[in-house]
Every structure is written in C-alpha cells, then in structure tokens.
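Record features (TrEMBL):
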DOMAIN    579-643  domain 'CBS'
DOMAIN    676-734  domain 'CBS'
TRANSMEM  64-88  transmembrane segment
TRANSMEM  149-171  transmembrane segment
TRANSMEM  223-239  transmembrane segment
TRANSMEM  251-275  transmembrane segment
TRANSMEM  324-346  transmembrane segment
TRANSMEM  366-385  transmembrane segment
TRANSMEM  437-460  transmembrane segment
Amino acid sequence: EELNGVGNLMDFLDEPFPDVGTYEDFHTIDWLREKSRDTDRHRKITSKSKESIWEFIKSLLDAWSGWLVMLLIGLLSGTLAGVIDLAVDWMTDLKEGVCLSALWYSHEQCCWTSNETTFADRDKCPQWQKWAELMTGYTEGAGVYLLNYFLYVLWALFFSFLAVSLVRVFAPYACGSGIPEIKTILSGFIIRGYLGKWTLLIKTVTLVLAVSSGLSLGKEGPLVHVACCCGNLFCSLFSKYSKNEGKRREVLSAAAAAGVSVAFGAPIGGVLFSLEEVSYYFPLKTLWRSFFAALVAAFTLRSINPFGNNRLVLFYVEYHTPWYMAELVPFILLGVFGGLWGTLFIRCNIAWCRRRKTTRLGKYPVLEVIAVTGITAVLAFPNPYTRRSTSELISELFNDCGALESSQLCDYINNPNMSRSVDDIPDRPAGPGVYSALWQLTLALVFKIVITIFTFGMKIPSGLFIPSMMAYHHHDWIIFKNWCRPGADCVTPGLYAMVGAAACLGGVTRMTVSLVVIMFELTGGLEYIVPLMAAAVTSKWVADAFGKEGIYEAHIQLNGYPYLDQDEFTHRTLATDVMRPRRNEPPLAVLTQDSTTVEDVETLIKDTDYNGFPVVVSHESERLIGFVQRRDLILNIKNARQKQDGVVSNSVVYFTEDAPQIPASNPQPLKLRRILNLSPFTVTDHTPMETVVDIFRKLGLRQCLVTRSGRLLGIITKKDVLRHMAQMMNQDPESIMFN
C-alpha cells in the first residue's frame, strides 16, 4: 500500500506541469520535439481507449477533432468573406451616392428593387441618387460634377483614416497582406498575437474600409490572414492543437487554403496555393483536411451569395471560342511582360518599404495612408475605369461583348444595312467608344502600376492579387483575318485580359501551378489551360532571370524573419566555420550532469539569453549527455522552490538516474532528468554546411550541437545558419534579427 502512495507521488512530480515546452515570443519551434510529443499523446490515448467505453468515446472524439476544426474554419471564413464582400459593395457605392428606398442597398441592389428601371439605363433609377443630386436637386453641370468629386475624395479619406487608426490603436498586426508573416509562422516561427482575436476582428473591419476607400489593393491576401486567424481561434478550443505548435501549424496550412478558396472562389486552387506558396510542412493528412476546409468555405460563401450571380466571385466569365495555335505568340509575350512587370514591382516596392523603415517616413503611418488615399482618389475619379472598384473593373475586362453589354469597350458601330444579325460583332468597325475606352484603359494601367508600388505594405490591410491582375492589354486591333470563319469571333479580348492577369500575378508572386488552377476556377475557362500555363511559366522564367525571390520572400527578408527557403546551398563551408563559439569568443555555456548548484544555474540563466544549454559529464571531459531548454529550467527551478522542501540555492542539480553521493549535511538535491533531452541532434565538426542546411530545413530544427568523437565543441542555431547563408550571398548578416 505504502509503496503505491510513494509511486503516485513520484508520478505526480514527473507529470510535466503546464507551460513546460511552450516557446517564447519571436522564437522558432522545434518540429522534432513537437512531433514526438504528439506521438506520446497519441500512444497514451490509444492505450487508455481499451480500458473503458468512456475512454473509447474520448479517443474517437480526439480523432474527429481535426475534421471538426476544419468544418468550423470553413464556416467562419466563408461567412466572413461573404460579409466583407457585401460590405465592400455597399461602401464603395456610398462614395458616389445613396439609396433612398433602403440605406443598406448598394447601387445595383437599389435598382433591382425599382420598378422604373429600363434595360438601356439599368444603372439609373429614381431610388438611387448621387450626393450632389440629393443636396442640390440638379443632375447635370460643372458644379454637380465638382461636388460629387469632392464628396468622393472626402469619403475615401474618411474610410482610410478610420482603417489606419483602428489598426494603430487596436491591432498593429492587422496591417499588410499577412502572407509573408504566415509563411514565416508556418515554417515554425512564433509571433504571439499575430493570429489573435483582436487581429481577426480589426482586420475584417479595416479590410472593408481599406478596399472601399478605393486604394489600389485587393482583399485576397488579407482573407488568407483572416482565415488563419479563424484557424488559430478554433485551435485554442482543442488541447490537441493548442498545446502542440506543430499540430497547430497543420491546421493553419489548411486555413490558408480556405482563405484562398473564398477569396477567389477556387477551392482546389486554394489547396494548391497552400501547398506551393505558404506551407513549409505539408503531410498528406493536411492535404485532405485543406481540401475539406476549402470545400466548406466555398460552400458557405456560395450560400450567402454576396454577388447575386450564384457564383463565388464577381468576375465569372464563360468563353466559348477556341483559341488558335498562332495566338501562343502573344500569350508568351504577355508572359514576358508579366515577368518584367513583376520584377519592376518587387524592386520598387521593396526600395520604397526600405525607405519607409529607415527614414522618418515610417514615423507617420497615418499621414502616409491619408496622403496616398488622397492622391489615389483625386486621380481616380475622372477616369471611369479607376473610379469603380477593382473587382468590377476586372469583371468588365474579362467579359466578352454580347448584345446585352452596355460597356464602352463594346461600342462598335451598328450598320443598319448589314445583312447579318446584331449578335455578329467581329466584322463591325470599332466605334468612338472603343477608342476612348482604350486610351482611358492605358491611363488606368499606368496609374495602377505606379500607385500600387506605394500602397502595398502601408499600415492598413492590403492585398496584392487584384491590382497585379490589372496589368493587361487590349488586343482588339490584332484581328487575325485569315483564319476567321465568317460570323465567328476571332480573338477573345477578355481571354487576353485573363492571360495577362495571370502573367502579372505570376511575375509578382512566382506561383505557377496554383496560379493556373486559381485562374481557371475563377473564370471557368477550361479550354484555356494551355495559354494560361504558357504565360505563367514564361513570366516565372523571365522574373527569375532578374532575381530569385517573389514579393513575399522579399518582404520576409526585409523584415528579417528567420525563414529557410528551399533553395540549394552551394558553398563549400563546414560546420566548424559556422558554429559558435568562434576562436576569440568565451567558451560555450554548459551545465554538468551532477555538480552544478541551483544558484549556478540561476546565474547562468540571468547572464545569458540562450534558448538552452548542453549538459556534459564534467567541465574537464566535455563529453555530451544531452540538451536542456532554458524555459524548462526556469519553470522547474521556480516550481521546486515553491513546492519541494529543502531545495535552496546551494542544492545540487543532477541530470543522472541516481542521486550523486553527497555529505549528509548538504541540502536536498534537485533531480531534473525528465526535462533533459537525451537525444539532441549532433553533427561532427567536418560536416559540410549543405548537409547541415538540409537537416535544418527538412527536420525543422532549432539548434544542432557540434561534436568531435563525443566531445562537445560548439552549437549551431537556425539564426547562425541564416546569417551564414546571408553572408555567403553578400547580404548583411545582421538583417536576420530573430532566433
């Protein structure tokens, strides 16, 4: 009986108390450790499930919790995306006028409900009044135009000021697109609060404000961040995920897929995006779960139906004309253009963001946002193509001209004496509308290119996808007469807009597979996969010729996040060149297995800021035994001082199985064997660095010890590896700030 009691007490002391094994802010997680902890947890549950029905049910619930989390993420991110879409629609129109019959209707909804709308003037109805008309009663004239102009700019400034103030006061992490940070988090970095509840709330609200203010930014990147916040929120409900950072990363990968799924209405594209662009560790199980989350999210958005066209996106198109082999030439040229524009954009945007970080400009984020909004609004209002929201513009450009189109781009001259029907557009000459539309579009293109460089990276939520798609050209005038059969469309201008959009996006982000899938899910044009692939690959080749990293990698580097990308390491250096301590540095801080006192440990912790300490047999032999985490040491010593009698400053700390031989007069020793990692990862001092880099990348290590025939020589951390890589590429190694 008594023995049992003692056994239980020992078990109680051996139970890790809460907080052991968690990580500090801005530190890297140890993937190996997280994985083995999850395996232990799983083993425990499986063995318990054979004991009773209740434990068996608990084990089933545990197995199902992953799918449940995915379901919840899908539902919430789908709902949020629907709400954001509806709100953006309403607030974009609010800058121009208001619906008198119901304030919460956007322009389009307002005129749907009206009975006095004619087909020709479907966007004019008595219920919808522009601000000037409401105030003065006139609909035409210079004064009216100026008043509308002034109010448009005023609303835009108000929206963006509100957005930037909310971000500054409540959630500084809600700015930007969030994808560079999410890539870094998924590679095992910890940024506390980046995916928190406040960030979720503020990001959702300010995203609506920022997009409505007419700034040149999209809501697509931020929707990925919003979905990942949802994922993090639901992780905290299940201990399986909240206590294991590795498992949590799996959920976040799937959440990113759900985010793209609702941003573009492209569930499969979302899964591929998560796999190709953001995720670091993507096991097969995560693939199925991402698929499920993306499906639920798309289904939820579809049932909300924010655009009223039973589609998931505003710019759904259906083309039915085939494309011809000779058209591959312009498609590839579009790819080249996209690659060049991508390179230009990344260079300019990074240069501008670096200026913002290093000069006084960065101290006035609110002023900067207001200035850019003001300039955008003032320049955007006169041009009908830049005045409307970017998504609507893309929708108009992607669409084909039919008998029902009222767009200026479809203003071809109708000749009453023509023998064929009106539907047969190709052979008619272009009318004045087309020409004016073309020069307006060219202006719009230049304007968007320039303004987006300054907009992306400001202190408000800003995505990139949509503005990148803006760069397209109209190939209306290259009508290839020779192989058109009479009465059929020859060249589909909308198709060129679509391929150009894909090429530009590919040039900026360097996506290939997921981009093509997203584009054809977005537009429903299955037969155009080959042109899209040609353009995407060309743009990646051209852009890669000028610099390897896409916009997200460039921003990760700019912020100094510890992200190990998947590029080859080709330099011939050895582990001994990278490890610390170097020749002239003080020796490595180590603990001995049975001769260090509590006071020594506390002094060591106070004087250094290392993440952990190697444990050796003795200072003379330096034979390695294991590795112990700094945080675990702090918590255990604090706990022992509170709960165990007799543990004082000069108690001996030992990491062996049996207590060391000490005189009876000495205070009670403290056993810390259970926090000692007995199998730390070691390499010898002659291991080539390319192998070390590979080990860090594939196993997700935090640190690796360097030994020679069992003797400890030094340590290599992830930060050392990144700094060494930066040095080898002639960059500033001090730019990598975090552990």
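Along the chain as shown, the residues are counted starting at 1.
Note that Cβ sites are derived from N, Cα and C of the backbone, with glycine treated the same way.
Bear in mind that TrEMBL entries carry predicted annotations, made automatically and left uncurated.
In the predicted model, the domain 'CBS' (676-734) shows an average pLDDT of 91. Below 8 A, the CB atoms of the transmembrane segment (223-239) and the transmembrane segment (251-275) form 3+ pairs separated by six or more positions in the chain. For the domain 'CBS' (676-734), the DSSP counts in helix, strand and coil order read 24 helix, 19 strand, 16 coil. Between the transmembrane segment (366-385) and the transmembrane segment (149-171), three or more CB pairs separated by 6 or more residues in sequence fall under 8 Å, so the two stretches touch. Ranked by the number of CB pairs under 8 Å to the transmembrane segment (324-346), the listed stretches 149-171, 251-275, 437-460 are led by 437-460. Tertiary neighbourhood of the transmembrane segment (149-171): same-chain residues 91, 94-96, 131-132, 196, 198-199, 201-203, 205-206, 209-210, 212-215, 365-366, 369-370, 373-374, 376-378, 381-382, 387, 458-461, selected by CB-CB distance under 8 Å and a gap of 6+ residues from either end.
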